[in-house]
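Asker: Please read through the structure below; I'll follow up with questions.
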Amino acid sequence: MSFKEALQQQVLIADGAMGTLLYSQYDVNSAFEGLNLTHGGDILKIHQAYIAAGADVIQTNTYAANRIKLNRYGLADKTKAINEAAVSLAHTAQIAAEHPVYVLGTIGGIAGVTDTEIEPLTAEEIDAGVQEQATYLLQTQAIDGLLLETYYDINELKRALKIVRALTDLPVVANVTMYEPGVLQDGTPLNTALQDLAALGADVVGANCRLGPYNMSRAFESVALPKTAALAIYPNAGLPDVQNGKTVYDSPAEYFENYSDTFRRQGAHLIGGCCGTTPAHIKGLVAGLQSRQPVTTKKVTLPAAEAVPTAADPRQHDFLQRVQHEKVALVELDPPKTFTTAKFFRGAQTLSQAGAGAITLSDGPLANPTISNVALAAQLKYQYGITPLVHLTTRDHNLIGLQSEIMGLHTLGIANILVITGDPAKVGDLPGATSVYDLHSVELMQMIKKFNAGISPTGRNLQEKTNFAVGGAFNPNVRNVERACKMITRKTAYGADFIITQPIFDITKVHELRLALDEQGITTPIFVGVMPLLSFRNANFLHHEVPGIRLADDTLARMQQAEADGNEREVGLQIAKETIDAICADFNGVHINTPLRHHEISLELLNYVQAKNAVSV
C-alpha cells in the first residue's frame, strides 16, 4: 500500500524531533545534517527508536541540508552526499521495521523568521536551494514522499511546493509554522493558507513547530477539511525552558497523549511531533488514539474579526502633503542630556510657530544617553500642540522591545517615525554598553507597516490598525551617489513613506542626488539634511569623527579662514544658506539639524526656507 493510499484509509502516526535528541549529544552550533556522514549510526538508532514507539512515518535528517545553510558550516560541497546518506539511513530503518513504515524526504524553510544577513537572500537563491535538495532526495528513489516543513513565509512555501510538484508525482506534505494560533506571520489565516496549498497540489497540508498541543489544537479549530488534501499536525512538546544554558522541554509524554485523539477529531490524517518530542511522546500519540478512522466532518470555529483603522489626526502627516507643492523644513532637536528641559521646549515652540513641518527628535545621537524622545514627543503633542517625528533605532531595543515601543507610540497618538539603525554603542561615552541590532532598519520598517495593517510581527490580530508614516535615513556623502540610491529604492519597497538624508556639506552632492533619483525614477519625498557649522573646530569634528558626514575641502578652508577672521558663526550660517539654496533648487524638503541645541540658529535657517515659499508665490 502506498503512502497516499494509507493516508486515505487511516490516521498515520509520524515520528518526532530529530534535532532534540541530537542536541542532547552534540554541539548545538554544528550542522546536525552533517552527522549523516560522520555519525550515521546515531541517526539510524533515532529512526529505529521512533519506529519502535509506533511511528508509521519517519523523515530524513535533512531539514537544513540545503546548500545555503550547509555553507555556513563549510559543508556546501557535501550537499548531495548528506542528502543521499540521510535517505539511506532512513531506508535502512524502514526495511528492518516489523510494521509498514513510510519515509519522507524533508526540506525545511530557508528564509527563517527574519533576514539577519546584510544582503537578505533573494527568492531565486532560496528556490535554487530547494530545487537542488529536492532533486538529490528524489534521485535516491528510496523515499515515499516529500515533507516541506517549518515555513514561516507562506509565499516561500508556495514557491517550494510548485518546484517539487514539477519534479515528482510522489505525495507532498506542506507544513506552515505559526507564532500565533490560527494565523501566519503575515496575517494570513491558517485555514486560507492550507486551502491555498491544497489548491497548488499538496497531498497533505498542515502545521508544525512553535506551538504546543494546546495552542496547536486551538489553531485547527478554524480549519475546514480540505477537499483535495489531508491534514497534518506536528506540535512541539510544549514551551521550552532554559536550564544551565541549555534549551529543554519538560512537557511529559502523558500530556502529549491527551491531545492525540483531539487532533484526529480535528481532521488530521497525519499526526507527529516537532521540537521537544521524543519516542516517548510518539508512543503517547499511538496510545491516545481512540480510533484510526479519519473524520469526514468537523465543526469549524470562525476566526476573530479583522482589525479596524484607527481614527487618525489629519495634522500628523501634514508635512508629507505640503512637501508635494511647497518648501517644507523639518527641524531636528536633540533631547536634553540633563533634566533641564525648559530651553528644549521653548525652542520647539519657537520653531513650530515659525512653520516647521515637524520637530524631529533624535534617539541617543552618537550613542549618548538623553531624555527619552518618546516622552518628549508626548509632551510636545499634548502640552504644546506640536507635531513630533520620533527617531527609532534598532540599536537599543531587541525585537520584543521594538514592538512594545511601536505599540506605545500608537497609544500616545504619535504617528511619525524615522527608522534608523543607530550609531554603535561603542562610539558613545558609556564603556561596556552594547548594541542590540536584532533587526536592520528595513526590517523594522516592514514590521511597522504590519502594524499599519493591524497585524503584529507574529501575525496576531491587533484589533486596530496604526497610522504611522515611516521615514528612512540615507547618506548621500559617498563617492557613488547613484549606486547608494538603490538603498532608497529598497527602503521604499520595505515601506518608507519619506527619506531624510544626512547633512550635506558639499553642494555638488545635492545635484548629484537629484540626478540619481531622477534616473532611477524615485519619487519618494526627500528631506535633504543641512547643518550649520559653529566653528572650524566643530567642522573638523564633524568631518573626522562623525560617521556618515564629510565636508568639502572648500568648506573646511572657509571655516578655517573664518576662525582667523573671528566670524565663524556668520560664515557657518552663510554656508548653510548656500546649501539650502542648492537644496531648494532641486527639492522641496529640507531637514535642519540643530547644532549643539542652538535652536535660534535653526530658526534663522527655517525662516530662510519659508521665505522661498513667499518668493515663489
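Every residue gets a Cβ built from N, Cα and C, even glycine.
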Asker: Which of these, Cys209, Cys485, does TrEMBL say binds Zn(2+) at the same site as Cys274, Cys275?
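Answerer: The record-listed residue among the candidates is Cys209.
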Asker: Just to confirm: which same-chain residues, 6+ apart in sequence, have a Cβ under 8 Å from the Cβ of Cys209 (Zn(2+) binding site)?
Answerer: Glu149, Thr150, Thr177, Tyr234, Asn236, Cys274, Cys275
Asker: So around the Zn(2+) site, Cys209, Cys274, Cys275 aside, which residues have their CB within 8 A of the centroid of those CB atoms?
Answerer: Ala17, Thr150, Thr177, Asn208, Arg210, Tyr234, Pro235, Asn236, Gly273, Gly276, Thr277
Asker: Quick one: among the binding-site residues Cys274, Cys275, which has the most Cβ atoms sitting within 10 Å of its own Cβ?
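Answerer: Highest number of other Cβ atoms within 10 Å: Cys274.
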